[in-house]
Amino acid sequence: MNSKVFAVLLLLALSTCVLSEKYCPTPRNTSCKKMNIRNNCCRDSDCTSNAFCCAEPCGNFCHKASDKPGGRRVDPNASCQTGYVYW
């Protein structure tokens, strides 16, 4: 009996974790036609209000978390500098 209760509680806890997962929103643009990019952030800690630092074609921007996957969070270990980056 105790193992059944434990299994139900474990399943409930795991489903809560999965349902609470947050993502970067899907970017509006799929490509960047500029000769530079603008990074407003390089990691989540650069953002305010618990926003995520999300990679987009024209740079990194802070966005409110989305329930739907589609965007990509910036790798905090990647080389990055805030501001305009020219190539």
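Glycine is treated like the rest: Cβ placed from N, Cα and C.
What Swiss-Prot lists as disulfide bond is CYS24-CYS54 (among others). A coil conformation is recorded for CYS24 (disulfide bond) in the three-state DSSP classification, outside any helix or strand.
What Swiss-Prot lists as disulfide bond is CYS32-CYS58 (among others), and the listing cites similarity to another entry. Within the same chain, the residues at least 6 positions away from CYS32 (disulfide bond) whose Cβ sits under 8 Å from its Cβ are GLU56, PRO57, CYS58, GLY59, listed in sequence order.
Around CYS41 (disulfide bond), the same-chain residues six or more apart in sequence whose CB sits under 8 Å from its CB are CYS47, CYS53, ASN60, PHE61, CYS62, VAL74, THR82, listed in sequence order. According to Swiss-Prot, the disulfide bond annotation covers CYS41-CYS53 (among others), on the basis of similarity to another entry.
Marked as disulfide bond by Swiss-Prot on the basis of a curator's inference: CYS42-CYS80 (among others). DSSP gives CYS80 (disulfide bond) a coil state; it is part of no helix or strand.
Per Swiss-Prot, disulfide bond is recorded for CYS47-CYS62 (among others). Cβ contacts within 10 Å of CYS62 (disulfide bond), excluding its own Cβ and spanning all protein chains shown: 18. Mapped onto three states, the DSSP output places CYS62 (disulfide bond) in strand.
Sequence annotations record features per position, and here Swiss-Prot assigns domain 'WAP' to 21-66.
The signal peptide feature in Swiss-Prot is assigned to 1-20.
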For CYS24 (disulfide bond) and CYS80 (disulfide bond), determine the Cα separation and express it in whole Å.
18
Could you give the Cα-Cα distance between CYS42 (disulfide bond) and CYS54 (disulfide bond), in whole Å?
9
